[in-house]
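Novice: In case it's useful when we look at the structure, here is the feature table from TrEMBL:
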DOMAIN    5-153  domain 'Phosphomannose isomerase type I catalytic'
BINDING   Q109, H111, E136, H275  Zn(2+) binding site
DOMAIN    169-256  domain 'Phosphomannose isomerase type I helical insertion'
ACT_SITE  R294  active site
DOMAIN    336-376  domain 'Phosphomannose isomerase type I C-terminal'
Amino acid sequence: FPPAVFPLSCAVQSYSWGKVGLESEVAKLLASSDPLVQIQPDRPYAELWMGAHPRGDAVIRDNRIPQKTLGQWIADNPACLGAKVRDAFQGHLPFLFKVLSVNTALSIQAHPNKELAAKLHVQFPEHYPDANHKPEMAIALTPFEGLCGFRPVEEIVSFLQTVPELRVLIGEVAAEQLERSGSDDPRGVSAALRVCFTRLMKSEKKFFVDQLNMLVKRISQEAAEGKDTSGSNGDLLLRLHSQYPGDIGCFTIYFLNLVRLEPGEAMFLGANEPHAYLHGDCVECMACSDNTVRAGLTPKFIDVLTLCEMLNYTPAPSSSKIFPAAQSQLDPSVYLYDPPVPDFAIMRIEIPPSIKLYLVSAVDSASILLVIQGTAMGTSTAAASEMTLRRGSVLFISANESISLHLSSPDGMLLFRACCLL
């Protein structure tokens, strides 16, 4: 039998928003997994792609395997996915696992559901390259910040009253409609919110740049005088404006929740949920798709009309955006993040220092294992030889295969494992 468990060497993406050099968690993981890697101090190390995506297919680190990449290997050995996964996802690995190191904000974006994705792909294939949905989940590795989902209406109304530049852009009629919308009529609230946000996003460039400059000037003066600018979300405004001057996305901070995650906390981004990662390091898992509808904080193609049409305009507090992990009943070291989509799930595995032999149990799905902390020797009946696991190591595990870890680090291990639990 060919080996069915093997190490991977994964693709790095150097997007401009990434943390540079060894400030980046991606770079640190690369450097510790492979001492021969030269980390360039001025290069952004934004994303590590662990999977079989055609634009970043992982390379197999096992010379007994004739296939060079994970994508080729899965195509030749589709049974490795597990029968259910293979049949449900037409012989493809249904997820892409990543590490992200975010220094400056990513674009204000949302991902379409399957129905809209299919439509956009037919109409604009150059911007929407496939017909799949793209739900994603981020789990913080370091303190992590992002914008996610619409704020409670009271918070937005409060900003409309303390930030005159915002009110001017939205217009008096729309602002009053939101102020009058009552919590007893959620559809009325969503409709008013849609009008306000669409008015903002579709305002004329010259008009909104003038208002943004006025706002930034006013907040900067207030901050210089030592005044409290939190009622205008001043700190975040100045930060985003310094990163993307003159960008309409700066105003979205008055509509979207600021979500702060501590390490191990997660947020799930379903279809049509507006979001933008702002800063920090995380592991992320997503369905295999490149469909992103953008509308600000970006130099890329923006599609304001599609975004404003598709969004989920349900207000909710930022605390509701934190997605809980469930500790496994069978293995207290495992915490499962199981989102409401079939494409992927993530396990956080925290092995305490007292355990020196740990079994990474078999699941009925191909999975990808990432080591964040600790060292071990890994053995498996499905591996060609024993494997050294250290910080930054990535392993592919075929369905229904397990690995025994012989821990050598004094302070336990932290692993993340992406799989598909149908």
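Backbone N, Cα and C define each Cβ position, glycine as well.
Remember, TrEMBL labels are computer predictions, not curated facts.
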Novice: From the centroid of the CB atoms of Q109, H111, E136, H275, the recorded Zn(2+) site, which same-chain residues not already listed sit within 8 A by their CB, in sequence order?
Specialist: A110, K134, L269, E273, T292
Novice: What residues elsewhere in the chain lie close to the domain 'Phosphomannose isomerase type I C-terminal' (336-376), defined as a C-beta under 8 angstroms and at least 6 residues from its ends?
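Specialist: 8, 29, 33, 50-51, 74, 80-85, 88-89, 93-95, 97, 99, 133, 135, 137, 139, 141, 264, 266, 268, 270, 283, 285-288, 323, 325-328, 388-422.
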Novice: List the helix, strand and coil residue totals of the domain 'Phosphomannose isomerase type I catalytic' (5-153) as derived from DSSP.
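Specialist: Counting residues by DSSP class gives 40 helix, 40 strand, 69 coil.
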Novice: Which of the binding-site residues Q109, E136, H275 has its Cα closest in space to the Cα of R294 (active site)?
Specialist: Q109
Novice: Got a sec? Which of these recorded positions, H111, R294, has the most Cβ atoms within 10 Å?
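Specialist: Most Cβ neighbours within 10 Å: H111.
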Novice: Can you name the residues of this chain that are 6 or more positions from H275 (Zn(2+) binding site) yet have a C-beta less than 8 Å from its C-beta?
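Specialist: When sequence neighbours closer than 6 are ignored, H275 (Zn(2+) binding site) has I108, Q109, A110, G146, L147, C148, G149, L256, L269 within Cβ distance under 8 Å.
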